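The domain 'PIGA GPI anchor biosynthesis' annotation in TrEMBL covers 148-237. What TrEMBL lists as domain 'Glycosyl transferase family 1' is 298-441. Marked as signal peptide by TrEMBL: 1-23. Residues annotated as transmembrane segment in TrEMBL: 496-515.
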Amino acid sequence: MMMVNWIGNFSFAGFLIVMGATGLERQKKLCVETSSFIYLCKQRMTNINQICRKFAEPNVNPLKGRVKLHWASNQTSGRSPSVHGSVRFLKIGFIAGNCDYLMGEPKRHRVLMVSDFFYPNFGGVENHIYYLSQCLLKLGHKVVVMTHAYGNRSGVRYMTGGLKVYYVPWKPFLMQNTLPTFYGTLPIIRTILIREKISLVHGHQAFSTLCHEALMHARTMGYKVVFTDHSLYGFADVGSIHMNKVLQFTLADVSQAICVSHTSKENTVLRSGLPPEKVFVIPNAVDTAMFKPATERPSGNEIVIVVISRLVYRKGADLLVEVIPEVCRIYPNVRFIVGGDGPKRVRLEEMREKHSLQDRVEMLGAVPHARVRSVLISGHIFLNSSLTEAFCIAILEAASCGLLTVSTRVGGVPEVLPDDMIVLAEPDPSDMVQAIKKAISILPKIDPQAMHNRMKKLYNWHDVAKRTEIVYDRALKCSNQSLLERLSRYLSCGAWAGKLFCLVMIIGFLLWRLLQVWQPAEDIEVVPDILLPHDEGREILQDFKSSKEGHSLR
């Protein structure tokens, strides 16, 4: 008969252990029949070591090694609850392992997100990693982030929802990227993978050095890897040629890849030579709970056009220098608010002085992400002048706040919003002025709240997480390959580059084997999972350190 032992002798908590001698089908049936709820029984075990030994006996627990000890609240006082009495019942959540068929839930992934770009830095990649990680945590997966140190932010930090972040002690070298070392990061990446019992590595952004090295070492150690490309690159200039060859090296042995738009997918496939069937398109999303329209729309005859962007060449800052004076000349009631900083800010300041537009062009400088909404809701139109964009999350944030968007027709921007929510223009000053004229003419027809409601249906981070979950499932189903089979992929990367890539991978493989001898995996302490409850009411249970025994239960 199925038996559930209640472990007493704790002031405010207890352990729940599922044990039985009737096989897996009986246990599965019980879980289904009781709708994943069980009762606490009278029997007590007060000794932690006794519990662990009992739990490990094969004749007692057919799920040995596949079900974790669970920590759950237990508010009974003094008396053991009776199966037949009035009992408070608790939900059992089976956390890691191969028993995912229990309770009909999918396999729980243990994901390491890797990129040079993460908080406290702000940007599209940083937001994507953060929101995706939070939603994956809510789906019951374990997510750990690895990035480089930011200032004095080094070591292990915990963020909202129990998101664990490793700020490894590497300082940025150029444009927030760490210095390429090839093998310098191997020991710490291996340690993190073992300590956190990672099953899959997910790298972000093509020009992240840390991402490329993590994916390379993860494949050497036999882990499945997924790569997300967030940007578009050319094919002619020296920088793009170099980056494309590095991407070809990294993606030669990747399990699956993700792009944020169909344009980005075409670009990535052409640059890397990756088979199109291994590349999935999953767009970015927006936190519509954070980006809401103002309760009252800005009144008066004045029309406010908002620009929030890094003031660099790639974001079209030079276009703004020519567009803003012309729009101000045509429409005396138009005012601009420009948020952002960068090397091109000087040109905008000079333009404002030259045309005497100090009272009509407000320069805010760098805008913290927490203040972006307050800037957006003060305007009517959002202007994006980028020269290249794979997706552009800023457009989603503006539309969610109820602003009509005017944008250059580049990259994946035409895929982002429906035609009645955006006015597109070629990256040319005169064409952009005409697009702004059109936007001003249709502005009275725009309902900010209706636009916000549409955005809630169109873009949702929970949907992005569920689609990413499918990609993870596909990646884990990929067959394992030997070193020789993997080297054949690198040889196809070019006459000379292929041989060089093979040499890099062989040296990495030998160094990994050396590390296995020097520091065996058994000597690396596995950290206990700390999972916090989520809004869905799901019982997420945590391992903890027993003050009685001085051991961590895993």
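In case you wondered, yes, glycine gets a Cβ from its N, Cα and C as well.
On a predicted model such as this, the values are computed, not experimentally measured, just so you know.
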Would you kindly list the residues that approach the transmembrane segment (496-515) from elsewhere in its chain, counting only those six or more residues past its ends and only Cβ-Cβ distances under 8 Å?
182-183, 186-187, 190, 216-217, 220-221, 245, 248-249, 252, 483, 486-487, 490
Secondary structure split (DSSP) over the domain 'Glycosyl transferase family 1' (298-441) reads 62 helix, 30 strand, 52 coil
Overall pLDDT of the domain 'Glycosyl transferase family 1' (298-441), taken as the mean:
94
